[in-house]
């Protein structure tokens, strides 16, 4: 939610961008790379390399190329989507990643989900969507269905790419016991390189009419644009931590609950007017949270039956001897 709002605020009055939005993912990757490098340096200083667990085998390192490419495409698709749809529509379509993440979680990571958990994930998608739907008395009530078809296609693609990147990253983070910061360093190094390649490709495509990318990298930047960079970078670092020590479903729930808390905080901080849809969405999401993580026996009251204990072989033999 925060990313969509900040990105929209960074747009010009005409709805475009005064800056090259391809530079934002690049700077975010550099930010994550620097932070991860500092933490890895601190980790190796305070412990031995054996404790830090750093694997330098190229066959392991090269696997981080794939999520870097996926994140590169996803980050740029986000900016392209917001040129066709408004923030509300973007947020509602973003809830598709809840369902796509669960599907890929089951297919690729082979994590079995119970029927109750599938229902909980469906409720979470419904709850987050309900909380974001505005009343029909507002000006943007009909905006969800008036955007160009390109906006919807890009929104669906963004949700699918977000889920795929998350699932593959979880697979990489948990495939060995390497240091989280070393894994991040590999991921963000490739991410930075691919983003540079994209910027160079744009220069050749445009015939260098605006000069090379490094000379205009900060052109059109404002405080809001820098907030977009910092938000994108910090979110990526938090997600990598969740992928290492939790899983994608926990990430989906934490993201959704954080979104709802942000909306509640907006009531007091920005005079945001609460709606019935918001309260209904919060209730549905809380029900979904309980349904997914609570033990099944606490959700379903099964009748207690007094079943007779089966007789052992010894008891049967003794009874037969007594009868005879």
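Placed from the backbone N, Cα and C atoms, the Cβ positions cover glycine too.
TrEMBL lists transmembrane segment at one of the ranges 2-21, 22-41, namely 22-41. As a quick check, the transmembrane segment (221-243) and the transmembrane segment (276-294) miss the bar of 3 or more Cβ pairs under 8 A, pairs 6 or more apart, so the two do not touch. Tertiary proximity for the transmembrane segment (153-173) is limited to same-chain residues at least six positions away from its ends with a CB under 8 Å from its CB atoms, namely 63-64, 66-67, 70-71, 73-74, 77-78, 80-81, 84-85, 89-90, 93-97, 100-101, 103-105, 108-109, 180, 183, 187, 239-240, 243-244, 247-248, 251.
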